[in-house]
């Protein structure tokens, strides 16, 4: 089954060129199927790129999925055209009365700031509180995971002496959990962050289960006992060249101590090798199937 997206969304042409089944709104309207309703709170600066990456991950589902794109009303994006935001995005006040089957809260390049200093922190707290009653399952990514762990469980983020940057091997700890069903014992995930979560506080949180870890990148995948909150510290949705773009950007900015992403380039070469796409797709499919579709009633009360 296809993903259902607005007719003129830039990601539509890209996904169709990759033979991902995309259905526009007019065609989807005539299908007698209840689509899964997913709201994506997009906090990344390159919004079109993030839209495409996430839709690609969810585009192989046998389910019909309808997406709503959300941005904070208390923050003005600087890297995306106003016309695009006006056409494809909404704000929280427009959806707070609605219920959604799933929600994705993306990362954001603001990890150097205390959470309370983020311009839209109060609004984000309100959205995360709302998600507890109006969303079946919420997937938090990278900074979004750190923000969610801090808000829901009081787990703080900590500064790292050196940026975690590259593609790292992870070990599945609880292989029978539905979120990692079908995973190999070892799998790879891209990471790009200057902060980590406080592992001592995490270990004390009895309502959370850690599903996978990396010797180099730390804890990767965390799920609440009720399966409503999922936290992912890496970026499995990243394209093959996303880390390369970040690396070249940092070099152009003349940032100090810029290191090449680890375990990313082919041996002896300069071309990146994608070793995470299959597991990334499986992760998003497992979330959508087991934590969203199978847990949501056909009609919300």
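Using the three backbone atoms N, Cα and C, a Cβ is placed for every residue, glycine included.
These figures come from a predicted structure and were not determined experimentally.
Binding of substrate is annotated in Swiss-Prot for 163, 249; the matching candidate from 131, 137, 192, 224 at the same site is 192.
A straight line from the CA of residue 111 (site 'Important for acyl-CoA specificity') to the CA of residue 235 (active site, proton acceptor) spans 15 Å.
The DSSP secondary structure for residue 111 (site 'Important for acyl-CoA specificity') is coil.
Mapped onto three states, the DSSP output places residue 237 (active site) in coil. Taking all protein chains in view, 17 other C-beta atoms sit within 10 angstroms of the C-beta of residue 163 (substrate binding site). Just so you know, the Cβ of residue 192 (substrate binding site) picks up 19 other Cβ atoms within 10 Å once every protein chain is counted. Of the chain residues outside the substrate site list 163, 192, 249, 165, 193, 243, 246, 247, 250, 261 have their Cβ within 8 Å of the site's Cβ mean position.
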